[in-house]
Amino acid sequence: MNLETYLYSSEHIPLESLKRFLSKTLPELQWNQSTKDDVVLDAGCGPGGTTYQLVLPLFPNVKKILAVALVPVGIEFAKKYNSRPLIEYTVDNLEDWSTLEHWEGEISKLISIYCINWLKDQQKAFRNIFKLLKKGGEAAIVFAVESRFYDAILELQNSPKLNCFLKNIETLIPESHLKKRNCTPYKKMSEDTGFEIVYCREEMISDVIPSEERFRNFYSSVCVLTPHVPNDRRKEIKNDFIEELIRQNGWHSNGFPLNTSKTGLNFRNETDWDFRNETNWDFRNETDWKFRNETELNIRNETDWGFRNETDWNFRNETGLNFRNETDWNIRNETDWNFRNETGLNFRNETDWDFRNETNWDFRNETDWNFRNETGCDCGKNSLHCNFDRNGNKQCFCEHKYAQLNGTCAECYCGVRTASCFFEDNGNKKCVCSYGYGLRQGECVDCDCGRNSLSCHYDKRNNKICKCKGGYDERNGTCAKTCERNFDCTDGRICRQAENNKYFCDCPPNYGGNFCQTNLICANMDPPCRRKGAECVVKDNLAYCRCPPGKKFGLLSGLCE
């Protein structure tokens with residue numbers, strides 16, 4: 001995949017449909033009830049923005065979040081700008097088991113967002129996912145079955161000016177799109193691998209992109225066609241691709257561009273833990289739900305432990321139910337609910353079993369068994385999520401243009417070319433600009449030192465500073481080739497001393513152009529000479545007009561006759 005990470009990350013905000021999926025759908029399916037021993041894998045993390053903004057808040061207390069992608073520059077960007085203690089970024093390939101085998105049977109939950117549709121051998125990817133999951137592990141996979149993105153690619157293939165470069169681009173298009181498939185083949189593929197399908201949904205989704213500029217920048221960063229055309233045509237094909245993509249997707253009534261695709265949502269379970277919704281969130285397993293402890297805890301009911309939520313098991317704290325075991329909650333049932341102690345278990349409330357609501361742990365089931373803390377964590381109106389880490393420190397996950405400052409989401413923005421923005425411990429705002437831009441007077445502005453530069457930034461005095469590749473040095477705001485002798489230079493250039501005793505390859509005096517073919521002294525004289533039918537010549541560093549051989553200058557006409 002052709003990925004321009006700086007542009008991708010600076011313009012990319014997860015689509016609203018994926019925000020809902022990660023922040024609402026998965027928690028409703030109990031994916032937020034993880035333990036400190038769980039290991040989560042984000043397969044296809046890209047530059048890490050979605051991993052940090054949406055996956056991490058879903059699993060704040062797990063042992064580790066592994067985030068993998070195939071593109072090395074994406075992982076480098078993620079490590080630099082989206083790094084967190086819980087997240088480990090690595091370059092791996094879902095189709096190559098040799099890069100994944102060291103995690104075999106270790107993953108509790110695997111998330112893959114718009115990754116499977118880019119893979120050629122999808123069956124192999126499903127097999128590898130199956131082997132990665134521990135017994136009882138689950139995978140939630142979202143992928144595009146069809147997309148206007150692919151329609152735009154196929155349309156450009158028929159363009160007369162570009163089709164000579166785009167002969168075999170069908171390899172960039174998923175088979176599901178070319179054959180207009182639905183989710184059925186993927187369900188069979190999963191079941192043949194060994195998965196049990198717990199939840200599957202296919203739907204057409206249209207997301208509104210908040211501005212046309214961001215739409216253009218984001219989809220330019222993932223234009224897969226650029227490697228197929230010459231360098232001098234790449235800007236052209238990007239523009240054509242974006243225009244076709246906008247035409248395919250159309251516009252929302254509010255004037256913003258749309259992104260439309262048909263997606264498949266699959267929740268797979270390797271073995272026993274089947275979170276089914278047969279009636280009213282009946283968390284059952286016909287054989288295995290025994291709430292066990294490998295040593296002694298066997299909280300059993302010899303008749304009917306079904307944990308059904310039909311009427312009675314409504315753990316609400318709306319009518320004064322405090323989970324205390326001082327006087328009110330004597331959990332007893334003279335006949336059926338017999339909490340036995342056959343192996344020495346004393347259910348006492350001396351220290352450990354203290355079901356109190358002192359810290360707002362409101363065990364209520366208003367929607368889908370969400371054990372929430374209503375009032376303990378608040379980062380303000382511009383936050384996406386709030387939680388506490390293992391040390392009790394508040395973590396704020398903020399909307400675009402905001403970052404955590406003193407426990408709230410404060411505005412943190414340096415213009416449309418901001419790659420990331422955060423506040424340092426002392427409260428100072430720190431901006432990282434997109435590639436090709438630098439921070440000047442608090443705003444990310446153009447900062448270009450040429451194609452031979454490594455980086456560009458502005459110093460405290462707003463002077464442009466260029467860091468150049470080996471064999472190049474900064475000269476007049478660009479990275480120019482350095483030299484020691486004339487034969488170090490090409491294209492008609494010679495090695496000449498410049499300012500600061502540096503030597504650069506440059507055209508001879510009074511000459512310029514790509515190959516030093518233009519006499520600069522004649523640059524201003526050439527047009528008037530041509531109007532007279534003469535040509536410009538240089539003698540003793542002076543330019544004058546001379547008639548061609550066989551012609552003389554007419555004093556009356558002022559022309560070469």
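Keep in mind that glycine also has a Cβ here, set from the backbone N, Cα and C atoms.
Bear in mind that TrEMBL entries carry predicted annotations, made automatically and left uncurated.
TrEMBL lists a disulfide bond between CYS516 and one candidate from CYS507, CYS522; that candidate is CYS507. For the domain 'EGF-like' (480-517), the DSSP-based tally of helix, strand and coil residues reads 6 helix, 13 strand, 19 coil. In the structure shown, the C-beta of CYS507 has more C-beta neighbours within 10 angstroms than that of any other entry among the disulfide-bonded residues CYS507, CYS516. Summarised as a single figure, the pLDDT of the domain 'EGF-like' (480-517) averages 86.
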